[in-house]
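K.L.:
I'd like to ask you about the structure that follows.
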Amino acid sequence: DRDSCVDKSRCAKYGYYQECQDCCKKAGHSGGTCMFFKCKCA
């Protein structure tokens with residue numbers, strides 16, 4: 001589901017979201033970004 005990475009991957013304060021992107025890609029999304037320290041899959 002679209003927000004399955006929110007709890008699994010933490011988002012750093014300053015734009016580092018590789019963990020979020022990797023999680024989203026594994027879940028079948030094109031990637032992910034961080035919004036308010038939460039991982040959102042794109």
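Using N, Cα and C of the backbone, Cβ positions are placed for all residues, glycine too.
Below are the features I grabbed from Swiss-Prot:
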- CYS5-CYS23: disulfide bond (DISULFID)
- CYS11-CYS34: disulfide bond (DISULFID)
- CYS20-CYS39: disulfide bond (DISULFID)
- CYS24-CYS41: disulfide bond (DISULFID)
K.L.:
Starting from the Cα of CYS23 (disulfide bond), work out which of the disulfide-bonded residues (CYS11, CYS34, CYS41) are within 10 Å.
P.N.:
CYS41
K.L.:
Fill in the CA-CA distance, CYS20 (disulfide bond) to CYS5 (disulfide bond), as an integer in Å.
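P.N.:
Distance (Cα to Cα, whole Å): 7 Å.
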K.L.:
Measuring Cα to Cα, how far is CYS41 (disulfide bond) from CYS34 (disulfide bond) in Å?
P.N.:
9
K.L.:
Round to the nearest Å and give the CA-to-CA distance linking CYS24 (disulfide bond) with CYS5 (disulfide bond).
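P.N.:
Between the Cα atoms of CYS24 (disulfide bond) and CYS5 (disulfide bond), the distance comes to 6 Å.
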K.L.:
Return the count of C-beta atoms lying within 10 angstroms of the C-beta of CYS11 (disulfide bond), excluding that atom itself.
P.N.:
21
K.L.:
Please report the three-state DSSP label of CYS20 (disulfide bond).
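P.N.:
For CYS20 (disulfide bond) - judged by DSSP and reduced to three states - the answer is helix.
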